[in-house]
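Asks: Feature annotation from TrEMBL assigns active site, nucleophile to Cys91. Annotated active site, cysteine persulfide intermediate per TrEMBL: Cys194, in sequence order. The ATP binding site annotation in TrEMBL covers Gly10, Leu11, Ser12, Gly13, Gly14, Ile15, Asp16, Ser17, Phe36, Gly115. The domain 'tRNA-specific 2-thiouridylase MnmA-like central' feature in TrEMBL is assigned to 209-266. Annotated domain 'tRNA-specific 2-thiouridylase MnmA-like C-terminal' per TrEMBL: 274-347, in sequence order. Annotation source TrEMBL lists site 'Interaction with tRNA' at His116, Gln331.
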Amino acid sequence: MSDSPVVAVGLSGGIDSLVAGFLIKQRFKKVFGVHFTTGYEKSLTDVSALASVFGFPVHTIDLSREFETRVVDYFVSTYMAGKTPNPCIVCNMQIKFNALFDHAQKLGADLMATGHYATVINRYTPGGEKIRQAWLERGADFNKDQSYFLSMLSPDTLGRLVFPLADFTKSQVRKFAGQHDLVPVVPNESQDICFLPDKNHGAFIIAKTKVSPKPGPVVDNQGRIVGSHQGLHKFTVGQRRGINIPGPAPYYVKKIDMNTNTLHVCVKSDLAQKRMTVEQMVWNYPEKENIRELTVQIRYGHTAAPAALDWDDTRGIVTFEIPQNAVTPGQAAVFYHGNRVLGAGLISGNQ
């Protein structure tokens, strides 16, 4: 890579990407923007407005086919398998830092920058053979930290990324945008799934698969049938809404059994799990046998919990110091040492 790398900035049009683009333009000499479409937009972003803000070209790239096959199909098939998908993690792996970066590289990019709240550390090993190591750490704003969603990116990919908002808080980003007249060209930022704005994943899945919902039994912690459900695809572990069965206390989903088409429920006090299995591990720490003070985050917004990890190359067994609620198969488990991301995998079971 040259001393003056070409940087592609991912621009959604939101305030975070605008501030990231501004900072990258200040830091690097050769910059262009990339904006991608998924096919699920209600209205298209005015890319010409983005280009005029920064004074560098912004390319729109149609990734609707890749988004459908790599993200939406995964989302649907995971729910149909009785698990809970995390499409944002898969989008980062397969779309933003894979398909989009591939297009950016064809346009001449060496590096890619985005407005994520996370930190990439690049260092070289000591000694004669300089080997670069890249890893991920939490961003300065713990309330907005997005390292969870980036946790399954490979070290090679991380080594080519720049996150200029790493040291910013959200309030600082808003203040910076106001000081530099950076006005978002998309009206609202949302934490919702971008292709599912109404949050009704059950209806979305039925529309995609054309499969009729299959009713089945709802069973409590004592093995008693307490009601019936109208399709397991509507539920996720830890969910309360939609069960609609009276009991001594509100019921929560504890387990989804696709083999018997059974929804297992419990009261909240019985929801916690001591152990879980994790598969498809991606690890970015050289001394996996010598890890101390490990914590695990099992969903976005969850406070990482102390735990022990016993694992081989692809599968791990996690034992929590304190049982955790809603350990959900299909979601990512992200392993931290302090603020550093050690690795991640997908939760495959709990007990």
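The first residue you see is number 1, and the count goes up from there.
The backbone N, Cα and C atoms fix where each Cβ goes, glycine too.
Those TrEMBL annotations? Automatic predictions, nothing curated.
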Asks: Cα distance, His116 (site 'Interaction with tRNA') to Asp16 (ATP binding site), nearest Å?
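Replies: Distance between the two Cα atoms comes out at 7 Å.
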Asks: Under 8 Å Cβ-Cβ from Phe36 (ATP binding site), six or more apart in the same chain: what's there?
Replies: Gly10, Thr60, Ile61, Asp62, Leu63, Ile95, Lys96, Ala99, Leu100
Asks: For Cys194 (active site, cysteine persulfide intermediate), just count the other CB atoms lying within 10 A of its CB, please.
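Replies: Step by step: centre on the Cβ of Cys194 (active site, cysteine persulfide intermediate), count other Cβ atoms within 10 Å, giving 15.
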Asks: Give the distance between the Cα atoms of Ser12 (ATP binding site) and His116 (site 'Interaction with tRNA'), rounded to the nearest whole Å.
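Replies: Taking the Cα atoms only, Ser12 (ATP binding site) lies 11 Å from His116 (site 'Interaction with tRNA').
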Asks: Quick check for the class: what is the C-alpha distance, in angstrom and rounded, between His116 (site 'Interaction with tRNA') and Gly14 (ATP binding site)?
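Replies: Rounded to a whole number, the Cα-Cα distance is 12 Å.
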Asks: Out of the recorded positions Cys91, Cys194, Gln331, give me the one sitting nearest to Gly14 (ATP binding site) by CA distance.
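Replies: Minimum Cα distance from Gly14 (ATP binding site) across Cys91, Cys194, Gln331 lands on Cys194.
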Asks: Between the binding-site residues Gly10, Gly14, whose Cβ has more other Cβ atoms within 10 Å than any of the rest?
Replies: Gly10
Asks: Go through Ser12, Gln331, the listed recorded positions, and name the one with the sparsest Cβ surroundings, counting other Cβ atoms within 10 Å.
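Replies: Minimum Cβ neighbour count within 10 Å, taken over the recorded positions Ser12, Gln331, occurs at Ser12.
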Asks: The domain 'tRNA-specific 2-thiouridylase MnmA-like central' (209-266): mean pLDDT?
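Replies: So the average pLDDT across the domain 'tRNA-specific 2-thiouridylase MnmA-like central' (209-266) works out to 94.
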Asks: Return one of helix, strand or coil for Gly10 (ATP binding site), based on DSSP.
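Replies: The three-state answer is strand.
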Asks: Using DSSP reduced to three states, classify the residue listed as 'active site, nucleophile' as helix, strand or coil.
Replies: helix
